[in-house]
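A.B. asks: Handing you this structure, nothing more for now.
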């Protein structure tokens with residue numbers, strides 16, 4: 001505005017400068033009038049110059065104030081811009097951090113999901129394998145039970161099944177069997193005989209009377225049958241019958257025989273027409289067809305025993321075999337009772353136990369059947 005004003009003032013004609021005009025030869029009044037007009041023009045020109053200077057000073061002042069205001073506004077805008085830049089930078093870092101965390105979380109979730117799927121597939125495969133194995137075992141056990149039902153019908157210590165107890169046969173009958181007859185101290189397949197009643201062998205031509213103490217101990221054991229020696233019933237039989245009946249000259253071997261009988265891992269085989277096997281133990285310890293390994297006496301040994309799956313055979317005399325068989329028959333019968341296979345009156349079971357105890361006592365004293 002100030003520049004425009006200056007241009008306008010420059011374009012205006014100079015009022016104070018004029019060329020003197022020679023007065024004409026006319027009247028003298030025109031000259032005087034001209035002088036008066038020149039004086040008024042000078043006053044007007046000075047007034048206008050004053051106004052122009054005032055306008056110029058005010059415009060300069062306005063321009064300076066405007067410049068200061070604009071500088072302040074520019075400074076404020078620069079500060080705000082810096083703050084916004086810092087805020088944008090912070091938000092950008094936050095966004096980058098969130099994106100990184102989101103990527104890591106997504107990757108960990110996918111990895112965990114794949115891991116869970118792999119574990120589930122592994123467990124499923126293992127479960128299916130166990131199911132197949134269990135079904136195979138069930139089928140095998142059912143086949144074994146079906147086969148054993150045809151053999152174990154009424155096999156008890158009092159009336160044994162001769163096909164399952166070859167050691168009870170005479171040597172003459174055993175000689176006609178092919179190979180080696182094997183018999184565990186107790187049969188592990190007696191479960192299939194659960195549906196058959198067991199009838200003890202009657203004792204004829206003698207009187208019997210129930211002992212109240214022994215019968216009470218047997219009744220208490222029958223309520224919760226167990227094979228541990230803590231109950232008074234089995235503890236008494238161990239002390240009075242089992243241990244004395246299995247107490248042979250060779251103490252170390254006697255203890256091994258007792259443990260094998262209790263754990264159902266003893267095998268008895270006839271040795272008719274058999275050659276001495278090659279075992280891990282020396283011939284002196286195993287005895288031989290002419291020497292009993294348990295008593296150490298020279299006897300004709302018609303049977304041999306094996307403890308577990310060791311592969312070592314020990315030749316035994318008929319007397320030792322009778323003692324071992326008597327104890328095995330007792331353990332077989334009480335296992336029948338424990339497994340719930342004997343469905344008889346308590347008193348009949350008691351008398352069968354007493355008969356088996358008498359067999360152990362007689363065998364311990366040296367009495368045994370002639371065909372042993």
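Backbone N, Cα and C atoms are what each Cβ position is placed from, and that goes for glycine too.
In TrEMBL, annotation is done automatically, which means it is predicted and not curated.
The following feature annotations were taken from TrEMBL:
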| type | residues | note |
| --- | --- | --- |
| COILED | 67-151 | coiled coil |
| COMPBIAS | 43-54 | compositional bias 'Polar residues' |
| COMPBIAS | 162-172 | compositional bias 'Polar residues' |
| DOMAIN | 46-149 | domain 'GDP/GTP exchange factor Sec2 N-terminal' |
| REGION | 1-54 | region 'Disordered' |
| REGION | 162-184 | region 'Disordered' |
A.B. asks: For the domain 'GDP/GTP exchange factor Sec2 N-terminal' (46-149), what's the mean pLDDT in this predicted model?
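C.D. replies: For the domain 'GDP/GTP exchange factor Sec2 N-terminal' (46-149), the model's average pLDDT rounds to 87.
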A.B. asks: What counts of helix, strand and coil residues does DSSP assign across the domain 'GDP/GTP exchange factor Sec2 N-terminal' (46-149)?
C.D. replies: 104 helix, 0 strand, 0 coil
